[in-house]
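Visitor: Sharing a structure with you now.
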Amino acid sequence: MDNFFVYNTMIRAYSNSVTPINAIHIYNQMHEKDVPHDNFSHTFVLKACAKHLWVMEEEGSRFKAAISDVSRKGFEIHCRILVSGYDQEQFVMNSLISLYSQCGFLGFGRRVFDEMSERSVCLWNTMIAAYDQVRDYGSADLLFESMPVKDVVSWNMLISRFVKLGDVEAARRVFEGMPERDAVSWNSMIAGHVQVKNYGGALELFREMQVADVEPTEITLISVLGACAETGALEMGRKIHDSLKKKSCKIEGFLGNALVDMYAKCGSLYQAWEVFNRLKIKHVSCWNAMIVGLAVHGYSEEALRLFDVMETKLDEVRPNRVTFVGVFIACSHKGLVKEGRSYFKRMVEDHEITADMKHYGCMVDMFSRWGWLQESFDVIKTMPFDANAILWRTLLGACRTHGNVDMAEECFEQLSKLGSLNDADYVLLSNIYADAERWNDVERVRNVMISYGIGKEPGFSNIQMK
């Protein structure tokens, strides 16, 4: 290749690929063969450097070494930009600032910004984004206030920052004061409300977006479907699905996952299954939504059969922590205690997944529910971290169901040590003693309750006295 246009085409193609390092190699060849560079050569290779860092971070391999290598290459490209006279080209310097900030050299990025004789809105936005990335919000705000002209991206970045910080009210104030809004503005606000679990607010914003006649994007719908799933807003979820089918939209990836999750959580398992089966590529989160949905709604055998199918496709998808939570719920609801214990062993040994508190909680629930109280107690006492009040309270409740007074006393004592006893725990222990006709203990517990001012909520009658 001796034409710089061909080189640029190749650099650009590789910079957008999964192997951006090849773009850097081709750029090096241009230099070795004295092929002239232009502003596009520099812009594309700088983007390739940034993409290479992202790839290394995702892979988790040699990331620190990659930062060092890319930083050196960035300084080298900067020198060539200065020599070739492209140091006032907006797109080139924008990419350079972005790379410097990504490598942790924010000071160099700011110096490049300050030395520009003219600065586009895009350049201002990039510099502000760089400060936001390192949480230097004071410097970001100073730049934002100094901007001669702000565009919708400038305002969207401010909304995005507040959303990431969980300050939805501040984001809302910015949103309300924007001179213009685009789909990204609405998406950020809706996603922000979902993030802080204000699902009703997210759905209300979606309705406002429709009234404003702003076309929702796939990102919008994924967030809204998530809110529908958490609030049981099945009708709205169905309307979104019907609209997608009417427009002949491709339902795959994250959108497909969101639909399966929404239908499954809302209990519409037939429709969840229908969407699930039509997906060409099923991400692990999609399998999880289906397995957990079946398990939670009582279809334990179907959930376990689906898990068995999943295990036949290990070259495509592998079970994760959430998958096994669904499996354990299925075993617990159906009383498949031995099978649940076997699945736990397979999770740890075959799939090399370290059990966490949720997994141990599921095992405690399963053993407790079906009367395996000693096994439940053993799980709590032998797991590699301290049990929380929820686990002890689960076992305490099972002790009444299955009439084990001694273990109930141990659970109560453990709750006391945690400082987590509440009124209901005293009432429950009193009832356990009453079931066992240990009236002296009932009186003792109730005297303690009286001294602490604890008592059952008084009942009332609807019968009117004449």
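The backbone N, Cα and C atoms fix where each Cβ goes, glycine too.
If you look up TrEMBL, you'll see 3-37, 89-123, 151-181, 182-216, 283-313 marked as repeat 'PPR'.
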Visitor: For the repeat 'PPR' (182-216), find every same-chain residue at least 6 residues outside the stretch whose CB is under 8 Å from a CB in it, and list them.
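Guide: Same-chain residues near the repeat 'PPR' (182-216) but 6 or more away: 152-153, 155-156, 159-160, 162-163, 166, 168, 171-172, 175, 223-224, 226-228, 230-231, 233, 236.
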Visitor: For the repeat 'PPR' (283-313), how many residues does DSSP put in helix, in strand and in coil?
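Guide: Helix, strand and coil residues of the repeat 'PPR' (283-313) number 25 helix, 0 strand, 6 coil.
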Visitor: Could you tell me what the rest of the chain brings near the repeat 'PPR' (89-123), counting residues at least six beyond its ends with Cβ under 8 Å?
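Guide: Non-local partners: 39, 42-43, 46-47, 49-50, 53, 67, 70-71, 74, 77-78, 81, 129-131, 133-134, 136, 147, 149-151, 153-154.
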Visitor: Mind checking how the repeat 'PPR' (89-123) divides into helix, strand and coil residues in DSSP?
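Guide: Helix, strand, coil within the repeat 'PPR' (89-123): 26 helix, 0 strand, 9 coil.
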